[in-house]
């Protein structure tokens, strides 16, 4: 959920846990080979092929396009699988069980992390993208592109579920079950735990090795178990916004599923970073850049 140098660690995320150092270096080489633009020192502009762009806009190349497409596809898979299990049980006249919901979310995340992690980092969640940009080294110019891709994938998944299963969008939405206050804090704490774990694993991917994706999936399953009875188990703004946008129905509780996970994700990454930095100052004063989270 790291790279050999600070300037190359542009894709730190949950999905990096499932990719090997060889895969990451290949992506870096491809990005460097495609980066043919030159930056102007005077006005912060980029010149490429006679056209001028401002540096706050990311340079579009095949690597970035593949990353955006992977985020959209990965988010689509997660939301479709979650909506699918809900719709199937609804059609069968069975109440959606907490264990079924948690298992579906957990297994889908594991599958998606291992499949698209080496491509985009498998954020799959606007809160994750914002947290790694605010606290970590993920570049801000990519943030809106990732979020648009994640929301687009979620909307398409909700529409697909509606067309395939014939179940209304209202059954795919998340709503507080025991009040707004409880829903806000349980979403915050669950996302905090997930991002704290993901930050620990992505900071030292060799610690968990190939099991990193399973650990992140397990943490998400745990998050669903502790949030499901209270908030419906979202922990992902794209998960809640997709069905809402598809049906163009925005209730007064929707803000909880946007604000709470985002704050929880940022605080989770921040707390881990503070704890880790304290450890370095005492135990690893000569740590190389490849082992430091800066």
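Glycine is treated like the rest: Cβ placed from N, Cα and C.
Just so you know, TrEMBL annotations are computer predictions that nobody has curated.
TrEMBL lists 1-11 with the feature compositional bias 'Basic and acidic residues'.
What TrEMBL records for 1-26 is region 'Disordered'.
Here TrEMBL flags 13-26 as compositional bias 'Polar residues'.
Within its own chain, the transmembrane segment (64-86) is flanked in space by residues 11, 58, 96, 100-101, 104-105, 108-109, 111-112, 115-116, 119-125, 142, 145-146, 148-154, 156-158, 160-161, 164-165, 167, 171-172, 236, 238-239, 242-243, which lie at least six positions past its ends and keep a Cβ under 8 Å from the stretch. Taken from TrEMBL, the feature transmembrane segment covers 64-86 (among others).
What TrEMBL lists as transmembrane segment is 98-123 (among others).
Positions annotated as transmembrane segment by TrEMBL: 143-165 (among others).
Sequence-remote contacts of a segment are chain residues at least 6 beyond its ends whose Cβ falls under 8 Å from one of its Cβ atoms, and for the transmembrane segment (177-199) they are 1, 13-14, 17, 127-128, 131, 136, 215-216, 219-220, 222-223, 226-227, 229-232, 234-235, 253, 256-257, 259-269, 271-273, 293. Annotated transmembrane segment per TrEMBL: 177-199 (among others), in sequence order.
Taken from TrEMBL, the feature transmembrane segment applies to 211-232 (among others).
For 253-275 (among others), the entry in TrEMBL reads transmembrane segment. For the transmembrane segment (253-275), same-chain residues at least 6 beyond its ends with a Cβ under 8 Å from one of its own Cβ atoms are 125-128, 130-132, 134-136, 174-176, 180, 183-185, 187-196, 198-200, 203, 231, 234-237, 239-241, 244, 293.
Residues 1, 14-15, 17-18, 98-99, 101-103, 105-107, 109-110, 113-114, 117, 174-178, 182-183, 186-187, 189-191, 193-194, 197-198, 201-202, 205, 256-257 of the same chain sit 6 or more residues outside the transmembrane segment (211-232) yet have a Cβ under 8 Å from a Cβ within it.
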